[in-house]
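To start, the structure under review is shown below, and the notes come after it.
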């Protein structure tokens, strides 16, 4: 799956066409159905405006919201998105009470002069995800013929398909892979994601550094395996570093996080040497007597080990210097997972110092890519998203891409 040869919205002629766009409007709502964070809607505006500015007959927007489990549930209606979308676009938006069917088709076919239509939640139909769970966790599969019918219903609403929902690209859902139109192109959000991940995974400027943090090694096994073949330097930090320290260096880690399942793969990191990959691990630690923001703190080093009854929740100053050296040497930096428990101020220093170093690097021309999830939360917490080359919007999707997996929503796009 090449990331760099996919058709993009700027490659297609939209004039006079019904443009069907899969967006990600899965936004948080409060109890009064008011949007508490509009970032995802803001992110889709350039793609929608491009279609309107280039003469689209109509722009038809489809999205999911929450997990209604294949049934209509007013709690998850997309209707509350309409006022915010109208405000950001500066024009009226028609809301369709369903996402397929004759009523929706007639709304879409009657639209003209760049009308914008928002369809109701795709996941009100079991055919979108292909299955649903009841409250006891029992799974029901969607009927194959009905899934086909649903996909035909979506296809009937457009002449050109644009996918701008990178965060759902790892899901083979009907709206991601089942729209059967001759031209299927990436929107601006999707294109930016693909361009930056191609820069890292297909043609990185070297030296290429990956910083992998977070808690569990077992969550990152495939990621480590895939990246060991691509990077020049690998920093392993955060909670998962303690499993490496215990297994590879036999260092006492007290009550620090130890991942039994992940421990079995640490020896494979000895392969790093064979692959000429420099492996950087922390060498000193900020410790705590309990997992709590108000815990008593201490310090430990590799020489002393972490005493019984204490756990490492952040790295110390010497480790930060090692990370900074690796960042200074690199030209391409990919960061996935924090360097400590950044949610607690006492243990946020390692993550903050690493962030400061990559922001500085970016200012000096390095390519810095933040791979979604907790690390994107860190960038947002310190308000530096616009000071980095790219902060991914897809936690699960970016992780699967970095693991070397094909993303169904990307595979489904037309090639140039």
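Keep in mind that glycine also has a Cβ here, set from the backbone N, Cα and C atoms.
Remember, predicted model here, so these are calculated numbers, not experimental data.
The candidate list 238, 361 contains one residue that Swiss-Prot assigns to the CDP site with 214, 219, 337, 339, 342, namely 238. Summary of the site annotation: Swiss-Prot records Mg(2+) binding at 215, 219. Screening the candidates 30, 53, 374, 386 against this entry identifies 374 as the one listed for that site.
Closest in space to residue 39 ((2R)-3-phosphoglycerate binding site), of the binding-site residues given as 238, 312, 337, is 337, taking the CA atom of each residue. For residue 219 (CDP binding site), the Cβ neighbour count at a 10 Å cut-off comes to 15, with all displayed protein chains included. Comparing the binding-site residues 23, 122, 215, 339 on other C-beta atoms within 10 angstroms of each C-beta gives the minimum for 215. Proximity note: of the listed binding-site residues (63, 122, 214, 219, 238, 337), 214, 337 have a CA within 10 Å of the CA of residue 374 (ATP binding site), given in sequence order.
Between the alpha carbons (Cα) of residue 239 (ATP binding site) and residue 216 (AMP binding site) lies a span of roughly 7 Å.
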